[in-house]
Every structure is written in structure tokens, then in C-alpha cells.
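**Q** Not my notes, these are from Swiss-Prot:
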DOMAIN    4-140  domain 'N-acetyltransferase 1'
BINDING   79, 80, 81  acetyl-CoA 1 binding site
DOMAIN    151-300  domain 'N-acetyltransferase 2'
BINDING   231, 232, 233, 274, 275, 276, 277, 278, 279  acetyl-CoA 2 binding site
């Protein structure tokens with residue numbers, strides 16, 4: 001019988017096994033079962049770790065990460081079970097344990113909201129409380145970039161840019177469960193990632209004051225896929241077309257980076273209920289590719 005136990009920290013071997021399970025699930029399902037932040041948490045002790053071990057196989061077969069509540073987000077769980085060990089009730093048992101540990105307001109992500117996740121949600125009596133759209137478009141036939149008078153575009157020059165980057169990010173995303181409330185450590189963690197490229201972090205400055213108005217952080221996933229990782233505009237600078245300017249600047253950069261691909265594509269994530277942003281991205285040629293759903297127990 002599969003054993004399921006909480007850990008305050010993971011061994012190096014457990015971390016390696018979990019990364020292998022995530023990779024296997026991604027290949028099998030066509031969608032990553034957990035977000036990048038979960039992988040960053042594996043060596044840390046900021047979150048709780050629920051590990052499923054199959055005694056016959058003598059191996060880790062499932063993992064749930066439980067992030068505690070923050071000022072902007074409820075407790076959030078993310079879950080993966082190895083494809084070879086599914087349909088045994090492990091996923092449902094781990095989801096039940098994670099939500100119970102997280103408390104009344106805890107949620108659990110279903111990346112791609114696949115049928116297996118929907119079935120588990122029905123079994124546990126969960127309902128969708130939040131949806132995140134993944135939108136994509138080809139990196140071809142891009143509109144030209146237009147920069148307003150008084151605005152200067154530059155790329156990230158190093159940690160000296162961080163105070164302004166944090167100011168704009170936390171103003172633009174004060175409401176956001178994951179993107180809001182960033183600190184120096186959040187930027188430093190991403191700067192340490194293998195994918196980080198300072199030439200792909202675009203910043204728009206006000207010529208007169210020198211203040212940062214907005215930024216676009218791009219990410220390259222592989223030879224065929226790039227991402228609009230974060231676009232943030234200072235609320236005080238809204239209405240100047242900066243969102244479109246920064247987005248298109250990043251798209252042209254990604255198109256150049258992926259120029260050897262026969263089908264270069266860019267993706268982004270946006271809240272399903274952010275109608276204005278969804279409309280903007282549709283105007284830029286993006287269409288919905290998949291939907292991530294956050295589930296929770298909802299009182300009658």
C-alpha cells in the first residue's frame with residue numbers, strides 16, 4: 001500500500017525523484033503538472049512537502065507541495081503522480097490531505113484541468129474558484145513596435161535596477177496572489193535560473209524623471225517556445241500604450257531568439273476574469289490554448 005507522509009524538508013534523492021516524476025507527467029499529459037515555483041521550493045523549507053512512496057517499487061511516486069497563505073493568496077497546493085502509478089487513489093488521497101492541512105480556504109491547482117483532475121475534483125466535492133488562461137500565438141507577422149514620446153526602452157542592467165523593478169511590480173500586481181508582494185529574494189531567485197537572460201528583460205523609463213514606467217520579462221523554454229513571463233505597468237503610467245509597446249518589444253526579441261525554429265510560438269498566462277487583458281492579448285493575435293483551474297471546497 002502506498003504510504004503518504006508530510007516532510008518539512010526533502011532529501012537530495014527525493015528532490016531528484018520528484019523532478020523525474022514531473023518530467024514524466026509532462027511528457028505523458030502534454031502539460032506540466034506543477035508550476036516553476038514548486039520546483040524552486042523543492043530544496044527550501046518555506047512550504048510543506050507531501051510525498052507518496054510505493055513500497056513495492058521502493059520509489060517516490062507522487063508529490064504535493066503546499067504553500068502557506070500570504071497577504072495576497074490563500075494556501076495553495078500543487079500535485080503530481082507518476083503516470084505509471086495513477087488510478088490507484090493516490091492523487092485523491094494526496095489532494096484530500098493537502099486541502100485538509102491547508103485549512104478552510106486552501107486551494108489546489110489543476111494545470112491544464114485534465115479529465116483526471118476534474119474527476120478527482122468531483123470525487124472530493126471541489127469546485128473551480130479561479131481560472132488561468134494560457135494563450136499562444138505564432139511569432140510571425142508581428143505588428144511593429146511604437147514607442148511614445150518621452151519614453152526610453154532599455155534592457156536590464158543588473159541588481160541596480162531591482163528597486164524600481166520591485167516598485168513597479170508590486171504596484172501593478174498589488175492584487176495578484178503570486179506576482180504581488182515580491183522582494184529582492186524573488187528577483188534574485190529568478191536571476192539565478194538557467195533561463196534568465198538580462199537581454200530579455202525590457203524596461204520602459206520616463207525620459208524626464210528617469211523613473212521606471214513598466215517592464216516585460218521574457219522567457220525562452222526551448223528552441224520553439226518563448227513566453228511573455230511578466231508584463232507590468234505602473235498604475236500611474238496607465239493610458240500611455242506602454243503595455244502594448246513592451247509586449248511587442250518582447251515578442252520581437254523572442255522571434256529573433258527563436259528564428260531557427262520552423263514554428264516559433266509564444267505563450268503567456270492571464271487571469272480568465274481579467275477581461276481587459278484578455279481583450280488586449282486577443283488584439284495582439286493570441287488565442288486560448290489551455291486553462292489551469294484552482295479548485296477548493298465551497299460551502300453550500
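Each residue, glycine too, has its Cβ placed from N, Cα and C.
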**Q** Under the DSSP assignment, what numbers of helix, strand and coil residues are found in the domain 'N-acetyltransferase 2' (151-300)?
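**A** Across the domain 'N-acetyltransferase 2' (151-300), the residues distribute as 53 helix, 47 strand, 50 coil.
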**Q** Have a look at the binding-site residues (80, 231) and report the one with the fewest Cβ neighbours inside 10 Å.
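**A** Comparing Cβ neighbour counts within 10 Å for the binding-site residues 80, 231 gives 231.
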**Q** Whole-number Å distance between the CA of residue 275 (acetyl-CoA 2 binding site) and the CA of residue 80 (acetyl-CoA 1 binding site)?
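**A** Between the alpha carbons of residue 275 (acetyl-CoA 2 binding site) and residue 80 (acetyl-CoA 1 binding site) there are 30 Å.
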**Q** Select one residue from 79, 233, 275, 277, 279: among these binding-site residues, choose the one with the most other Cβ atoms within 10 Å of its Cβ.
**A** 79
**Q** Which chain-mates of residue 81 (acetyl-CoA 1 binding site) that are at least 6 residues away have a CB under 8 A from its CB, listed by sequence?
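**A** Residue 81 (acetyl-CoA 1 binding site) has long-range Cβ partners 21, 25, 52, 61, 62, 90, 91, 94.
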**Q** Please work out the helix, strand and coil residue numbers for the domain 'N-acetyltransferase 1' (4-140) from the DSSP assignment.
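**A** Once the DSSP states are binned, the domain 'N-acetyltransferase 1' (4-140) shows 50 helix, 43 strand, 44 coil.
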**Q** Which residues, same chain and not among 79, 80, 81, have a CB within 8 angstroms of the centroid of the CB atoms at the recorded acetyl-CoA 1 site?
**A** 21, 25, 33, 34, 62, 63, 64, 78, 82, 90, 91, 94
**Q** I need the CA-to-CA distance for residue 279 (acetyl-CoA 2 binding site) versus residue 79 (acetyl-CoA 1 binding site), whole Å please.
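**A** Rounded to a whole number, the Cα-Cα distance is 31 Å.
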